[in-house]
Every structure is written in C-alpha cells, then in structure tokens.
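Summarising the annotation, Swiss-Prot assigns region 'Disordered' to 48-85, 125-146, 256-282, 299-345. The compositional bias 'Polar residues' annotation in Swiss-Prot covers 66-79. As annotated by Swiss-Prot, zinc finger applies to 91-120, 162-191, 218-247, 281-310, 352-381, 425-454, with the evidence given as sequence analysis. Residues or ranges marked as Zn(2+) 5 binding site by Swiss-Prot on the basis of sequence analysis: Cys356, Cys359, His371, Cys375.
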Amino acid sequence: MEREEEKRVSTLQQSFHHSKEPTFLINQAVLFGESHSSFLPEIERDNRGEKIKTNPRKNRPGTVILSKQSSRRIMSGSQPRPPVIPSRRPGFRVCYICGREFGSQSLGIHEPQCLEKWRVENSKLPKHLRRPEPSKPPPFSGSGSYSLQAANEAAFQSSQAQLLPCETCGRTFLPDRLLVHQRSCKQKVEGPRAPSLDRSDDLAGLKKVSSGITTRPRTVICYICGREFGTLSLPIHEPKCLEKWKVENDRLPREFRQPLPQKPQPLLTGQPKHAGPRQGQLVSCPNCSQTFAPDRLPVHQRSCKAQPSGPKVQDLTLGSRGGLKESTNPKPQRNMAAPPVTDKPKMIRRPPTIVCYICGREYGTKSIAIHEPQCLKKWHNENNLLPKELRRPEPKKPEVRTITAKGFYDLDALNEAAWTSAQSQLVPCNICGRTFLPDRLIVHQRSCKPKVAK
C-alpha cells in the first residue's frame, strides 16, 4: 500500500512539473490527497510534517509565481490606464533673423551665416525697402522651460518686425519678396474707398495705420515716362528722363515730333494728375486707330496694314444744308492727338485659314502646304494598323476652282469641300450611331453598351 501511495505522489509531482503551474499547488494536492486517504499510517504524516518544519527556507509560502494570462488580468485590474511618458523634445531655439527653429548647438553656427545672408540681400534692395539690422534679444536670466519659451518668443517677434505690408492687399512679406508680390498684386475694383484728406474720420484712420505699421513710402509718377519713383528719387530721375526724351524726340520724323512735356503743378490730390501729360503724348495709328508713344508708332506701323476693302470709301462730311459732300482735304491727317471718331465699329479681321481635307482642322495659308503631306503619311500609318473591315480608302483632295477674272480662291467653298472630305472618313457606331474616326471607334466600342429597354 505504501508503494502505491508513493507512486501516486510521484506521478502528481511530474504532471504538475510539466504543466508549469505554480509550485505551491503541488503541496496542496499532496495534502489534499493525504487528508482523504484513510489507509495511510500516522507516522508517515508526522514525518512529512517534520520535513516541512526542518526546511522552512526551501518552501516560500509568501511568494507566488503567476502565469502570463493571470499577470495581465491583475495588471489591467490594478492599473486600468498605465501612465505614458512622452519622449522629451530637444530644446529648440528660434533664430531672431529668419524665425526658423534650430537646435541649441546648431543655432550658434547658423546665426552668423544667416546674418551675413541677410546683409547681402538687404544691400540688393531699393533704398526705401532696406531695413535696419535686426538686434539679438538679450538673454534671459531665468532657467527652465519658461525662460526658453520667453527667449523664443522674443526672437520670433524680432524676425517678424522685418516684414513689410503690401499697400494693395495688406499682407506682410519680407522686403525682397514684396517686390515679387507687387508685380502680380492688383487692387480690387470694388475695394474700400480711398480716404480723403477732407474728412476727420479718415485722418484719424490714417493716424492709426501710421502709428501701428510702418508702411512703404509713397511713390510719385514721372510726368515724362509714366513710371513710379520714390519722392526722393524723382528729382534725380526727371532731368535724366527729360534729356533722354529730347534725344529720342529729335530722332523721330518731323510729323511725329511732340512738344516738350510740361511739368504739372503740384496738387494735394496728387498722383492721378501726373499721368495727364503722358497720355497727351500718345499718337494714334492711321490704320487701326490705336494709340502709341511716338517712338513706338513706327515700329507698330511695320506690321500694321490697312484692311483691304473693295471700293474706295470717300471721306464724307455733313454740309450746311444737311446733305453729304466730299471732303476737299486730299492728305490724311497723320499727326492726330486723338483717334478719329467714326460711326462704323472697329472690325478685327481674322487671318484666312484653310481646312485640311484629311483631319478637318484649320491651318494658315502658308502652313497647309507643309501640313498636308505629313497628315496624309500619318493617315496611312494609322489606316494600316486598323482591321481590314475598318480600313478606309485614301481621302481625295477636293478640286480648287478659281473665280474668273479675279485670280483668288473661293475659300468658303474650298473649306466646305475639305470639311466634307474629312467628315466622310468617320465611321458610325453600330450600337449608338455616333460617328468616330476608325481608330477611335475601336476604343469607343469597348465601353459602348446598348441601352436596356425599360
């Protein structure tokens, strides 16, 4: 009986050992089996009790080895939201010149290079856009994140102080970028009204703007060339511009020479009046009536040709009796300060085009002869790639018939015949009936499906 009991205990120990369960369960299982075994002698129980008493260090009743599942349950129960420690961001510092962030070690290398770059770019700007050199904010005596944040805020404000507002839209830019922006920034038509100097509320608004933001100095228009200059630059520019105007005016033909432009009187309302003399110097073209500067008119007349008209139109003026009489002035007035007033509206004649009989597109009279051989060669290549049932016969060029006694082609009839020839190559789709070029019909038929009758 004792041997059987020992075998049973040894098998229990092996099974618990292989299952990797807590070790204290083995003793409980053994004790549980001993408590229910009525046939074991009392001496054996006493001996086991002595073994437990004699070896108290080997058995650790206070420690428990937990499995992975039980440990997760206990941790989730005791700590439902474990604390998350964020990774500490390194202390970045803001450059007081450009406003970008750099590491504490990199900032000492960056600032001298950034200041040198700032000086180079500032020296390239016009004088009225140049800014004073930015000053580095004083270091803060405190320590910790508060002093770092205050230093970065002061550096950022120093970099933002260099921005200049656009006079048109009010947005702020760096001085070198403001010039680029002003090329494309145009004032809105329905913008706010311009403040007049007579109203007290407008004067108060101007004082607020001038006290808050440093605006770009106003520009004045040159009465000779019409360009804008600063108030200090204009007195230097005007004598040079007038000298240049005299040289160019002397080179012109006599009928195009203009009188010396007179400087307008200074007015409080200022700038719009300066453009008056510049507009008065413009000369109109006798062919198209457009106005140009005198030196630009000969350049324009090289390409501007009078519109061909059939019968010569006589210059008719109203007589005293209400009838029409022919003008007695044989010479056309070429030196006109304003365009002539005519009852007929200006008609811009489109250059004549010819339709290609192969592709149906329009080309100029010179380009069509270059295009047609290339288009026909391309047509042959594409036609050979088609299936045999979709190949078309070669398109024929329509006959060109000249009108008797005039010697030029009837372009309308020629284009109509070429368009008909190009349209005859289209093939209808057998499903929807739409017409396509043969190479496009194959692509269309992949997605064309018959409509399902309702």
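For all residues, glycine too, the Cβ spot is worked out from N, Cα and C.
Ranked by how many other Cβ atoms sit within 10 Å of their Cβ, the binding-site residues Cys356, Cys375 place Cys375 at the bottom.
Other than the site residues Cys356, Cys359, His371, Cys375, same-chain residues with C-beta atoms no more than 8 angstroms from the centre of those residues' C-beta atoms, the Zn(2+) 5 site, are Tyr357, Ile358, Gly360, Arg361, Tyr363, Ile368, Glu372, Gln374, Leu376. A C-beta separation below 8 Å, combined with a sequence spacing of at least six in one chain, links Cys359 (Zn(2+) 5 binding site) to Cys375, Trp379, Ala422. For His371 (Zn(2+) 5 binding site), the Cβ neighbour count at a 10 Å cut-off comes to 16, with all displayed protein chains included. Counting residues per DSSP class in helix, strand and coil order gives 17 helix, 6 strand, 7 coil for the zinc finger (91-120). According to DSSP, the secondary structure content of the zinc finger (218-247) in residues is 14 helix, 6 strand, 10 coil. For the zinc finger (218-247), the model's pLDDT averages out at 84. The helix, strand and coil residue counts that DSSP assigns across the zinc finger (162-191) are 10 helix, 4 strand, 16 coil. According to its DSSP assignment, His371 (Zn(2+) 5 binding site) is helical.
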